[in-house]
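Peer 1: Got a structure here, written out as structure tokens. Questions coming.
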Amino acid sequence: PTLMLVPTAWLTPSKCLWPTTLAHSMVIALLSLSWLKNTMETGWSTLNPFMATDPLSTPLLVLTCWLLPLMILASQNHTATEPINRQRMYISLLTSLQIFLILAFGATEVIMFYVMFEATLIPTLIIITRWGNQTERLNAGIYFLFYTLAGSLPLLVALLLLQDHTGTLSLFTLPFSHPLHLSSNADKLWWAGCLLAFLVKMPLYGVHLWLPKAHVEAPVAGSMVL
């Protein structure tokens with residue numbers, strides 16, 4: 001249903017654009033509540049070979065689905081005076097954010113999680129730089145891009161090392177592989193690489209300078225995503 005939001009945004013008549021996309025996204029949000037009924041004994045509820053939900057990812061997925069209608073509600077007045085094609089593009093970017101986040105939180109492969117997690121950078125960057133409120137929005141977008149990329153590249157290296165060590169990056173089989181004991185300095189560097197991307201996103205003091213700029217320059221929906 002989320003993928004169908006893109007043609008909805010581009011094919012709906014301009015007068016009905018915002019009510020129709022809001023109604024469509026609200027239906028998706030209501031359907032997402034069905035994920036909260038998790039009856040699997042293992043904790044996993046498999047949707048397909050690449051996507052699954054568990055008690056940790058389910059609330060994040062539901063929150064992602066409820067975020068889109070709230071962002072659409074918050075953006076109507078902000079974009080009302082813009083050309084209709086820019087409004088359609090704005091809704092498409094918000095929809096792509098939801099798609100990437102659903103794929104990230106529902107992924108059963110860690111590399112798929114990494115790729116989708118980083119793919120959210122692209123629509124967020126476009127939203128900040130094209131629909132930002134202030135003149136410094138381009139500078140804020142560059143800060144946002146390079147801080148998050150610099151933090152995520154060590155995570156990619158750490159995941160490739162984990163694949164080399166365990167032979168798998170599937171969340172179904174990783175708990176049964178040979179664990180790393182974090183006994184050497186190299187193992188501790190690996191663990192730091194795993195954490196750094198998330199510490200930048202939190203953001204931890206010292207790697208937080210992108211966040212005030214991004215929040216100030218971003219439109220309301222951009223701040224909600226951040």
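Quick reminder: no glycine exception, Cβ is built from N, Cα and C everywhere.
For reference, TrEMBL lists these features for the protein:
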DOMAIN    1-104  domain 'NADH:ubiquinone oxidoreductase chain 4 N-terminal'
DOMAIN    107-226  domain 'NADH:quinone oxidoreductase/Mrp antiporter transmembrane'
TRANSMEM  56-75  transmembrane segment
TRANSMEM  87-105  transmembrane segment
TRANSMEM  111-128  transmembrane segment
TRANSMEM  140-162  transmembrane segment
TRANSMEM  189-211  transmembrane segment
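Please go over these features one by one and say how buried each is and what sits next to it.
Peer 2: Look at the domain 'NADH:ubiquinone oxidoreductase chain 4 N-terminal' (1-104): DSSP puts its residues at 74 helix, 7 strand, 23 coil.
Among residues of the same chain six or more beyond the transmembrane segment (87-105), those with a C-beta under 8 A of the stretch's C-beta atoms are 2-3, 5-6, 9-10, 14, 17-18, 21, 25, 51, 57, 60-61, 64-65, 67-68, 71-72, 75, 79, 112-113, 116-117, 119-120, 123-124, 126-127, 131, 221, 225.
For the transmembrane segment (189-211), same-chain residues at least 6 beyond its ends with a Cβ under 8 Å from one of its own Cβ atoms are 117, 140, 143-144, 146-148, 150-152, 154-155, 157-159, 161-162, 180, 182, 226.
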Peer 1: Counting each residue once, how many in the domain 'NADH:quinone oxidoreductase/Mrp antiporter transmembrane' (107-226) are helix, strand and coil under DSSP?
Peer 2: 85 helix, 3 strand, 32 coil
